[in-house]
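Engineer: Provided herewith is a single structure, encoded as structure tokens, for subsequent inquiry.
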Amino acid sequence: MGSIVEVKIPIVDISGYYKYNDAATKHHIAAQVRDAYENQGFLQVVGHLVPEGLQDRFIDMIRAFFALPLEEKEELSLSKSPCNRGYEHLGGQKLDELDPNATPDQKEGFSVRRDLPSGGRFLQGENQWPDEALIPGFRDAYMEYYDSVHQLSKTMFRIVSLALGLEETHFDYFASDPDGICLCRSHHYPPTKKDDTGRTRGVGAHTDFSALTLLLQDEVGGLEVLHKPSGTWHAVPPMKGAYVVNIGDLMQRWTNDLFKSTMHRVISPLSQKDRYSCAFFNNGALDVIVECIPTCLKPGEVPKYGPLRVEDHVKSRSLQSYNAAGTEIKV
């Protein structure tokens, strides 16, 4: 599918949302967000309140985690968690939706959600953590980062609400993560070896099944977004301190395809450098029913999708991506 073209994803500065807190500024920002999500489904956010020092410290911590011996990481395997939290080995997931013969994704992962009593609910429970002596401060740094980027995701939902002509607080309950199913997953992509031919698939082509995803990249790069009309892939160059914020399938469904959940992938170019990133997936609340938002229907239009319960959607897509790689998860 097409060649690789480096393009600039729209950059939206949301600092005015915090600084001025007036309707005109908020709606100006919301209009930029709406334009980006109607056309590309992706944007880069700057002017947010996640400290750059916290981002750097967090990336350093996940580098240290993935550098641990494999046996130490396997002690925290997803297979040992009743709520799918912990370490995902190289090739443990296959997200590719375009190529049924694709190899599993060439990345390691570490998944963290909010700690909640299980109560027998899907994905609820406790996180798995490495011993404090192995990486001092890892747990505290991870959760500090989680809380900060989760707060940013809630701000983005408020901006999206305004972009859709809704009350600013429309998505507040969904975005607040009442059931602890938001996912903060860090990734490690090993460098392409010199004897490898071509480019390696870090993550296969897919859409996210969340409502919103917030991605922190290091400087290595590799994220590519599909321009569907032309069938070409666009490289998204890393931008220090920024978050790539994209629409997921739940939001596309909510907006009756007004906002685009765009196909994307991670390709590892020939390099001696490891790539590290962290994606925060706001999956919302288990019992929320996603159905067409009335402001997204033009006169004469009808909803393209029926009502869908969040828990059913996340279960189905999670099973699909892990089972495709032969990885067993618990639902």
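Placement of Cβ uses the backbone N, Cα and C atoms for every residue, glycine included.
From TrEMBL, for reference:
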COMPBIAS  105-116  compositional bias 'Basic and acidic residues'
DOMAIN    180-284  domain 'Fe2OG dioxygenase'
REGION    89-122  region 'Disordered'
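Distances, neighbours, how buried they are, the whole picture for these features please.
Structural biologist: Same-chain neighbours of the compositional bias 'Basic and acidic residues' (105-116): 62, 65-66, 73, 76, 78, 83-96, 123-127, 142-143, 146, 177, 179-190, 200-204, 266, 268, 325, counting only residues six or more beyond its ends whose CB sits under 8 Å from a CB of the stretch.
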Engineer: Quick check on the domain 'Fe2OG dioxygenase' (180-284): DSSP residue counts for helix, strand, coil, in that order please.
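Structural biologist: The composition, in the requested order, is 6 helix, 49 strand, 50 coil.
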Engineer: Need one number: mean pLDDT over the domain 'Fe2OG dioxygenase' (180-284).
Structural biologist: 87
